[in-house]
Every structure is written in structure tokens, then in C-alpha cells.
Amino acid sequence: MAGGKIQKKRHGGGGGGGGARLQGGIPFEKSKGQHILRNPALVDSIIAKAGLKPTDTVLEIGPGTGNLTKRLLEAGVKAVVAVELDPRMVLELSRRFQGHPLSSRLKVQAMKALWVIQGDVLKCDLPYFDICVANIPYQISSPLTFKLLSHRPIFRCAVIMFQREFAMRLVAQPGDTLYCRLSVNVQLLSRVSHLLKVGRNNFRPPPKVDSSVVRIEPRKPLPPVSFKEWDGLVRICFNRKNKTLGSLFKQKRVLELLEKNYKTMQSLQLAQESEMGEEKMSPDDVAVLANMVEDLSMEIGDEKEDDDMEMDDAADGRASFKEKIMGILQQGDFAEKRSSKLSQVDFLYLLSLFNKAGIHFS
């Protein structure tokens with residue numbers, strides 16, 4: 001079969017690379033994030049930093065015209081699974097890997113090792129892979145990141161080209177301007193490191209922003225915490241990340257939500273040391289973190305005043321529950337702290353304090 005195993009599926013992988021036009025004169029579509037990496041040295045650097053082994057199955061998302069695909073095959077990996085949305089690119093890959101510019105050895109390698117899936121990477125069931133290497137359409141950065149982190153069995157690492165601001169949010173540490181809910185959630189599930197900055201002029205056509213290559217290594221084992229609980233807490237804390245936690249947890253809507261959860265738990269006669277804090281993470285659990293697009297629009301400068309009003313104790317008769325929440329924050333010395341300064345360990349400890357007191361976030 002031309003170009004390796006070309007399998008067309010109704011659902012498959014993300015959009016491809018992109019220049020001004022393909023070799024055959026087909027125009028690239030910027031709206032699909034098609035920007036081809038034209039610097040061979042950068043392609044070589046990405047391959048080198050992936051740490052490939054001869055036994056590896058590599059998932060490539062958005063192969064475009066196959067520049068990175070060619071180098072992956074030349075690296076001698078066991079298999080390359082390339083997921084491409086654009087049917088024109090799939091045909092171009094087929095033409096490229098059966099055409100005369102490639103050596104006979106590489107054509108044989110492509111026939112044995114290359115499997116192209118046509119479709120949307122966010123909708124397909126991904127096959128087994130050891131490493132993911134990708135230059136992705138930036139509009140799918142967040143959902144794709146969490147889809148990969150929810151994949152089982154867990155892969156060894158992913159080396160991915162992201163929009164630079166998104167990449168810097170992934171690696172941001174407590175106290176950094178870009179530290180946000182995205183940072184906390186991704187770093188709960190993985191070790192993230194920044195590999196290299198890529199200027200926009202390395203692409204054809206050039207995008208409007210610079211890029212960065214990031215390495216993501218899933219944690220093994222995953223932390224023993226419920227994702228739904230974790231994300232519920234983190235959503236509240238990063239609603240206004242520079243406000244004190246004492247101020248955030250006095251808000252009327254927050255107290256109403258937590259009190260409702262508290263009463264629901266009591267009605268179900270669950271013990272205060274709920275087993276939720278000891279549940280292992282599951283792929284379905286990870287999926288609740290996938291809706292992260294709003295983090296890119298999160299304010300990173302001076303924050304606007306929160307419209308949420310604090311609970312009126314006298315009017316609502318909920319002073320005792322409010323005192324319970326404040327007591328938990330004070331117990332861990334969290335009342336005057338801000339989410340923008342808290343580490344993974346801090347959030348895990350805070351969640352454990354709430355759960356031990358019977359307070360839950362999902």
C-alpha cells in the first residue's frame with residue numbers, strides 16, 4: 001500500500017503542517033493551523049530531544065507534508081503512527097513516501113513502519129505509542145494535552161511544539177506571572193520542561209506568534225487524588241489567583257456550593273475521611289481537566305474586582321459553616337496565602353484538610 005499503511009477512518013488525528021503551497025500546488029490553510037517547519041536543524045533537534053529507541057512506536061500528530069515523519073523513519077524506530085486531518089496531506093504523504101526522492105532503504109522502512117490515520121485526533125481512539133512527537137495546530141493545544149495525559153497505557157514522553165505563551169503556562173512555577181490553573185493541572189499529571197524557543201520565521205507561512213518545544217513526561221504512578229475533587233478546588237482558587245484564600249472562600253457562591261456538597265455527603269452517610277481522597281486517577285477522571293481553553297484568556301496583570309459578594313451571616317444563618325471553612329484554612333495557615341504562590345504540595349495538603357473535615361468539591 002503506498003506510503004505505508006494508509007488507513008482512512010471516520011475519526012482520527014489533528015491538522016497538519018503548512019507552507020504557502022504543497023509541492024503539487026495545493027494551498028495551505030492557516031485556519032487549520034497549517035504552518036510547516038522549514039528549518040531542518042530544528043527538526044533534527046526535536047528528534048534528538050525525543051530520546052528515540054529502536055523499539056519505539058511514535059505517535060506523530062499533524063504530519064503535514066512529512067518532513068518530521070521522514071526524520072522519524074530515518075531514526076529507525078519500530079513504527080510511526082501519523083494522525084492527519086487534511087485528506088490532501090494524507091495523499092501528499094502517500095506520494096512522498098513512494099516517490100523517487102527517497103532512498104530505497106527509506107521506502108522499505110516506510111512500507112513496514114508507517115501507518116497514517118486520516119481524521120480528527122481529538123475524536124479518535126489512539127493506538128498504543130511510546131512517544132508522541134508533534135507540531136500541532138495551536139487551537140487544539142489544551143484538549144490535546146489532556147487527551148494525551150488520559151491515554152492508557154501511559155506513554156514515556158511527548159515532545160510537542162506549542163504556541164509560546166501556552167508552553168510557558170505549562171512550565172510556569174508558583175510566583176510566575178503565567179502560573180495558572182493549566183500549570184497546576186498539567187504538573188499534577190506530568191513533569192514538564194521547556195526544551196527550546198522557535199521563532200515564527202522558522203515556519204512557512206509564518207504564524208503570528210512564536211513557538212516553543214516542550215517535553216511532557218507523565219507521572220508514574222499518578223498522585224492518589226480524585227481529579228474531580230482536585231479540579232473543583234483549583235477552579236475556586238484560581239478564580240482570582242491573587243486574592244487571599246480567606247477572601248475567596250468567604251464568597252457567597254463558594255460557601256453555598258461547599259455547604260450543598262457537605263449536606264449531600266452527610267445525607268449519604270459518608271465518613272469524614274472519605275475514600276475520595278484515596279481514589280486512584282482514571283482516564284475518565286483526567287478528562288474533567290480537558291476543558292482548559294479559558295486559561296489562555298485568564299488575566300495575568302491587575303485583576304478586576306470580583307463581583308461575588310461575601311456571605312451575610314445574619315441573613316443566611318450560615319455563620320457556623322463559614323467558621324468551619326475559615327477554621328480549615330487557618331489550620332493549614334492558608335487564610336492569608338494566595339493561589340499564585342502555592343505549589344502542588346500546598347494544594348494537595350489543602351485538599352486533604354478539606355476532605356478530612358468532610359468538605360468536598362465535586
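Cβ coordinates are placed from backbone N, Cα and C, and glycine is handled just like the others.
All annotation found in TrEMBL is predicted automatically rather than curated by experts.
Noted in TrEMBL for the protein shown:
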type	residues	note
BINDING	H35, L37, G62, E84, D120, N135	S-adenosyl-L-methionine binding site
COMPBIAS	1-12	compositional bias 'Basic residues'
COMPBIAS	13-22	compositional bias 'Gly residues'
DOMAIN	42-220	domain 'Ribosomal RNA adenine methylase transferase N-terminal'
REGION	1-24	region 'Disordered'
Taking the Cβ of N135 (S-adenosyl-L-methionine binding site) as centre, how many other Cβ atoms lie within 10 Å?
31
Of L37, D120, the binding-site residues given in the record, which has the fewest other CB atoms within 10 A of its CB?
D120
Give me the mean pLDDT over the domain 'Ribosomal RNA adenine methylase transferase N-terminal' (42-220), rounded to a whole number.
89
